[in-house]
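As given in TrEMBL:
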type     : residues  : note
DOMAIN   : A:589-652 : domain 'CBS'
DOMAIN   : A:697-746 : domain 'CBS'
REGION   : A:1-23    : region 'Disordered'
TRANSMEM : A:79-103  : transmembrane segment
TRANSMEM : A:135-156 : transmembrane segment
TRANSMEM : A:247-270 : transmembrane segment
TRANSMEM : A:282-304 : transmembrane segment
TRANSMEM : A:325-351 : transmembrane segment
TRANSMEM : A:371-392 : transmembrane segment
TRANSMEM : A:452-484 : transmembrane segment
TRANSMEM : A:504-528 : transmembrane segment
Protein chains: 2
Amino acid sequence: MKAPTTSQSSSSNNDTGDHSNDLDSDPIFHLRSRTAAAGTLQRPQIQYESLDYDVCENKLFHAEQRKRLRDRFSLRIHVIRWIIFILIGIITALNACFVNIVIDLLSEQKYKFLKASVEQNVPVNGGDGDLALPYLWWLLLSVVPVAVGATMVTYIEPITAGSGIPQVKCYLNGVKVPRIVRIKTMAVKTIGVITTVVGGLAGGKEGPMIHAGAVVAAGISQGKSTTFVKDFRIFKAFRDDHEKRDFVLGGGAAGVAAAFGAPIGGMLFSLEEAASFWNQNLIWRTLIASIISSFTLNIVLSAYKGLENFTFTGLFNLGKFKEPLTFAYFELPIFMLFGVAGGLLGATWNALNTLINKVRRRFVPWKLGKVAEAVVISIIGVTLATIMIYFIDDCRPLDKERISYPVQLFCEDNEYNAVAALWFQTPEATVRALFHDEEGAHNIRTVGYFTLVYYFLACATFGLNVSLGVFIPTALVGAAWGRLVAMQFLDWFPDAHFLNPGKYALIGAAAHLGGVLRMTISLSVILMETTGAETSFFFPLIIALISAKWVGDYFNEGIYDMVIEESHAPILPWEPVPQYKGLTALEILSKPVVCIKLRDSAHYIYEVLLRCDHNGFPVVDDVKDNRRCEGRVCGIILRSQLIVILLKSLYVENKRFWLPETSIQTFREVYPRYPSIKSVRPLDRKENYTVDLSMFMNPSPVRVNNHDSVPKIFNIFRALGLRHMLVISNENRIAGIITRRDFIYK
Amino acid sequence: MKAPTTSQSSSSNNDTGDHSNDLDSDPIFHLRSRTAAAGTLQRPQIQYESLDYDVCENKLFHAEQRKRLRDRFSLRIHVIRWIIFILIGIITALNACFVNIVIDLLSEQKYKFLKASVEQNVPVNGGDGDLALPYLWWLLLSVVPVAVGATMVTYIEPITAGSGIPQVKCYLNGVKVPRIVRIKTMAVKTIGVITTVVGGLAGGKEGPMIHAGAVVAAGISQGKSTTFVKDFRIFKAFRDDHEKRDFVLGGGAAGVAAAFGAPIGGMLFSLEEAASFWNQNLIWRTLIASIISSFTLNIVLSAYKGLENFTFTGLFNLGKFKEPLTFAYFELPIFMLFGVAGGLLGATWNALNTLINKVRRRFVPWKLGKVAEAVVISIIGVTLATIMIYFIDDCRPLDKERISYPVQLFCEDNEYNAVAALWFQTPEATVRALFHDEEGAHNIRTVGYFTLVYYFLACATFGLNVSLGVFIPTALVGAAWGRLVAMQFLDWFPDAHFLNPGKYALIGAAAHLGGVLRMTISLSVILMETTGAETSFFFPLIIALISAKWVGDYFNEGIYDMVIEESHAPILPWEPVPQYKGLTALEILSKPVVCIKLRDSAHYIYEVLLRCDHNGFPVVDDVKDNRRCEGRVCGIILRSQLIVILLKSLYVENKRFWLPETSIQTFREVYPRYPSIKSVRPLDRKENYTVDLSMFMNPSPVRVNNHDSVPKIFNIFRALGLRHMLVISNENRIAGIITRRDFIYK
């Protein structure tokens with residue numbers, strides 16, 4: 001029943017006595033227990049800082065506000081904001097187009113070559129050929145791209161591993177994930193996902209596209225790039241965490257829209273999964289970004305595929321169902337059972353995947369090993385596929401329109417090998433096949449083995465050090481077992497015409513997705529938009545998804561949340577957890593707090609910054625005997641602001657020079673990567689410069705009373721998106737400080 | 001640049017001197033300027049109180065929490081909450097079914113009778129008949145139901161006038177609209193809407209259904225009814241404003257789902273228009289309520305209409321398009337122009353309607369006049385329709401399947417009068433006709449006159465003292481002009497095959513709805529779900545809607561917001577208005593504040609309650625010289641709690657008796673209609689009972705500093721759904737109080 005920080009908050013309480021001998025020159029403070037002194041061991045959490053959603057309304061801010069009121073600035077800001085959202089939509093879509101087209105072209109070359117190789121080595125008409133050479137070619141064409149991708153990810157930018165959605169989710173929750181929204185990250189991710197998908201690993205390109213959308217949004221809205229060390233000097237007004245987070249939200253939605261061609265789905269995805277803070281205008285802008293994004297994607301892809309009339313029929317990534325999907329009431333329990341199965345399979349998958357990744361982290365910590373691992377999984381995949389193709393004898397009459405790369409292999413003329421057809425294409429194309437192939441296009445045994453192999457393959461793949469998403473493999477496994485069940489029952493009851501295998505493949509995909517990802521509303525809308533299903537089919541989809549989610553939630557969390565948990569990011573839940581009940585602020589706060597006086601010596605500030613790495617310092621006045629940590633609260637100041645103050649020498653003694661020159665721009669210029677305290681020239685102890693913080697500090701930090709209950713202050717912290725929350729006594733004296741990490745309950 | 005309250009806050013500042021002569025016995029307080037002393041003139045706003053979204057976490061609450069932790073209460077609460085949401089969905093749908101079926105049956109009787117009357121009086125085959133008698137019958141059959149409906153609304157429950165959506169919106173924003181969620185209100189509204197629609201007024205049944213959903217939600221979740229003075233003694237744990245508001249949100253969504261057969265639309269409606277506070281679990285429950293609601297509606301209506309196999313094909317209220325709607329890129333500018341036209345027409349409509357209603361309120365204040373007015377509008381409608389039918393000669397070949405009540409009138413055999421066909425049905429059926437009739441089914445002149453008449457008729461109707469919604473007439477006008485434009489252009493350019501009149505009727509309806517209601521996302525989803533349109537057609541709809549909204553927003557607000565503004569309800573905007581810029585809490589707060597000491601005399605409390613009608617009183621200690629208004633804040637207590645304390649004599653002197661008996665249930669029992677202070681027996685002045693508030697008060701009210709900026713405190717107020725916000729000085733002494741009304745800027 002104790003929050004995690006209490007165990008740490010007992011330190012350095014014993015040096016309260018030796019205050020009065022040092023007067024204003026030497027830093028006198030207690031280390032807040034939670035945060036290590038600078039230079040000591042970095043714990044896993046320490047890499048995550050919070051974003052600052054709370055606007056610092058200091059005097060400089062008000063001065064700028066007054067200026068803006070005069071020159072109709074606020075209308076201009078609005079228009080620019082809209083333009084940025086539109087740009088985000090367009091550029092995200094163009095990136096998605098690039099990924100799509102390159103993957104298309106490379107996959108085409110790869111599978112054409114493999115088909116030719118098979119045909120060359122296995123003589124047509126029942127000859128007793130050998131698959132050894134095609135197998136080796138296949139291995140080569142899979143291992144090389146995978147190795148390239150894994151090397152890039154491992155050595156250039158490790159943050160690009162995986163889908164990217166967990167990281168974006170953390171970011172939108174308010175956790176600053178380092179390097180997550182850089183252009184370099186996006187470049188590595190884009191190439192990484194292309195190589196991975198072309199290499200044939202069990203992964204999709206959707207997650208990385210969503211991540212790319214977020215990067216685009218962060219990049220454009222800031223008008224500068226850290227990777228290229230280039231500042232375009234535009235959009236300066238948007239350089240704070242608050243604005244940036246809104247843009248990233250739009251970027252995520254645009255990414256979903258581009259990945260699936262699902263604008264409403266994109267908006268709902270942002271809403272359901274990502275956004276912590278929400279209002280009507282934000283919904284609006286997010287929707288516009290998604291619409292623009294899916295529209296751009298559509299135009300470009302239509303042009304690429306040579307459709308002349310540009311008739312907008314939607315971009316059905318997973319193929320449009322030829323006939324409207326209908327269902328009868330008695331099927332509802334079946335959908336529910338599918339959901340339950342999806343929940344069980346999904347929960348197992350999540351648990352297994354987490355276990356595999358734990359083992360992986362423990363036994364393969366070195367970099368080369370991680371690349372080798374990806375290569376091994378790739379080899380296993382190709383080998384299993386080859387074994388299936390070799391040993392399962394499943395020949396089907398050839399239908400040239402449907403199968404991209406039909407391989408005759410050991411089949412008769414005008415037949416093709418159905419097993420090879422499942423493997424000789426991207427996973428996305430396989431999902432399409434499972435949804436839309438007519439009854440009897442597949443063999444129960446083939447699909448059965450395929451499901452089994454792919455389930456474990458996907459499980460071993462997600463978590464490798466490569467860029468890839470989990471959506472498509474999950475949908476693929478779900479579609480496979482959904483279709484399998486329908487085929488099996490149709491085999492037993494040939495009169496049950498409602499058992500349309502395509503329909504049940506879709507339901508299976510929904511159930512399995514629900515079981516693994518635990519999203520419901522946005523997933524069902526995405527599935528509807530991406531298959532062009534009727535709005536009435538929303539009902540079966542949501543039934544399957546909800547059943548899956550409920551069953552799955554009984555066992556564990558969604559895969560994204562499990563990844564986040566493994567990364568120890570201090571993500572805040574939606575609602576206060578039950579363990580908070582009965583606790584008060586006093587029991588979770590960190591104290592004593594390192595405070596700074598309203599007018600304090602520059603030297604003290606310098607020493608504080610050097611000796612502890614907190615990011616926010618309460619500003620106090622009415623300090624007796626230099627005991628700052630018992631002062632009366634009058635504001636809060638951030639580490640970054642203090643560094644700027646020291647760097648620019650904004651001392652009281654220099655006052656007559658800096659007043660007209662200083663504005664909020666001085667602080668904004670260095671956002672978001674503030675220089676470290678080490679870049680400040682050490683101050684001579686004898687120069688007794690003074691800093692007056694009244695102009696720079698945030699004079700209205702959120703304060704709560706030390707007896708307020710934790711569920712209540714959690715709600716405030718969550719709703720306002722805070723970084724620091726000051727706990728005060730009844731006399732408005734500082735009692736402690738609460739940050740994101742104090743709420744994390746293990 | 002001054003907030004409205006500052007003009008009022010200067011009063012009674014001059015009596016600060018005469019404090020010290022009264023000691024603890026006589027009430028010594030300043031009237032907070034904003035609120036009148038009890039018994040004085042009631043200003044229009046005074047009828048609105050705020051809801052209390054902030055949970056009062058006093059000691060009794062914590063005692064209950066501890067009890068709940070022990071007996072696994074919280075799981076039970078969760079399950080019950082889900083059950084209530086499901087019940088809300090079912091009952092809302094049943095109510096909607098009742099309304100639908102009764103309107104269907106009565107309209108059928110009415111129009112059958114009228115058709116027979118026309119056929120009797122106008123001899124078939126070109127005879128020169130007379131429409132006088134049918135006209136009189138029509139008048140009678142319209143005026144009687146309208147008069148009944150208007151009488152009920154006016155004399156029994158005036159709050160039921162109009163659509164109900166503005167009131168629900170206010171409620172969800174946190175404004176307590178009196179009598180809005182009572183069963184009596186729902187009964188009057190249900191009968192009112194049936195009579196109005198059967199009477200043929202230009203109104204729809206959708207708005208009232210949404211309102212009904214909200215009432216159902218409030219009623220069920222509280223397990224008691226004020227109308228029937230019946231307490232079922234269930235669901236007691238949900239008796240607070242916080243829980244009730246969540247349920248009402250679900251009820252609104254269920255209402256939309258039932259009215260339009262649009263579950264996603266329902267959820268999005270709640271999200272876009274109504275909800276002020278939002279989290280993932282609430283999205284969930286809301287969605288479930290909508291799904292259950294549309295599902296129930298579907299089953300019941302399928303059974304009623306005698307569909308045997310219950311094949312779920314969706315409930316397309318506005319008819320499913322036979323062929324998938326497609327569009328080409330060059331049509332996008334056309335959709336945009338439609339949107340612009342819709343925005344202009346909608347803004348004009350809103351302005352005109354508001355003007356009419358202002359005139360109406362000014363010149364027809366008495367009740368009988370309001371009923372007469374409804375009758376007059378009804379007569380005008382019937383008369384205009386008869387004139388159109390009589391003078392426009394528009395005969396069409398008969399197609400029995402399509403036209404419900406074909407009237408031959410002056411036409412040839414096997415022909416019918418197309419004008420009469422437009423009028424001889426409910427508005428909803430006319431919308432269906434405009435959407436789905438094939439090319440050439442209508443005459444340009446007929447539709448033109450019809451559009452014109454209906455535009456102004458609808459404008460005069462909305463605002464009458466009858467229960468009816470604005471959605472259907474708006475959609476009807478939009479569909480009419482949309483179809484008209486397409487017909488006209490098809491006449492000029494017969495080769496432009498893309499000009500499908502049904503499609504453009506849908507776009508027109510969307511544009512006009514966007515112009516009048518200014519909702520975008522939920523409306524487009526509702527239109528898609530209710531017409532079974534393809535997901536890809538979302539794009540044209542949203543383009544039309546967004547253009548309409550942008551154009552319309554340039555001139556005025558949406559009709560619901562205008563109605564709310566006219567009602568002077570203190571609704572909070574989504575974001576801080578620009579006028580707040582530069583203001584601090586000091587400039588908008590109300591002071592001096594009537595405070596109560598932590599241990600205060602019962603007599604003082606009684607006098608305070610009697611003499612002023614504030615709803616929240618800061619609790620202070622460290623009071624010097626009895627100057628409570630300068631005390632140190634330690635909590636806040638509500639008027640209702642104080643009344644309960646006095647009623648139950650919870651005095652310190654009685655302490656040994658009441659401690660085990662008192663729990664949070666004592667306070668919850670009387671929710672939500674607390675007795676007035678008048679029901680408390682006046683206390684004898686000599687009995688000096690003391691009340692100790694430490695157990696009852698909310699010890700953690702939200703406090704802000706008196707120099708905090710108004711945009712910032714607005715965000716806190718809005719995000720946390722507060723009722724009272726205490727403004728404190730740096731020494732934690734009370735400086736003022738801010739309520740919802742202090743933020744309203746005129």
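Cβ atoms are placed via backbone N, Cα and C, with glycine included.
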If one takes Cβ-Cβ under 8 Å and requires six or more residues beyond its ends, the residues near the transmembrane segment (A:79-103) are 186, 190, 193-194, 197-198, 205, 208-209, 212-213, 216-217, 220-221, 235, 237-238, 247, 250-251, 254-255, 257-259, 285-286, 288-297, 300-301, 304, 426
Result, the transmembrane segment (A:325-351) in contact with the transmembrane segment (A:504-528) (3+ CB pairs under 8 Å) = yes
Best-packed against the transmembrane segment (A:247-270), counting Cβ pairs under 8 Å over A:135-156, A:282-304, A:452-484, is stretch A:282-304
Give me the mean pLDDT over the domain 'CBS' (A:697-746), rounded to a whole number.
-> 85
DSSP puts the residues of the domain 'CBS' (A:697-746) at 15 helix, 17 strand, 18 coil
Counting only residues 6+ away from its ends, which parts of the chain sit with a Cβ under 8 Å from the transmembrane segment (A:371-392)?
-> 131, 135, 138-139, 142-143, 146-147, 149-151, 154, 199-202, 360, 364, 409, 417, 419-420, 423, 443, 445-446, 449-450, 453, 457, 460-461, 464-466
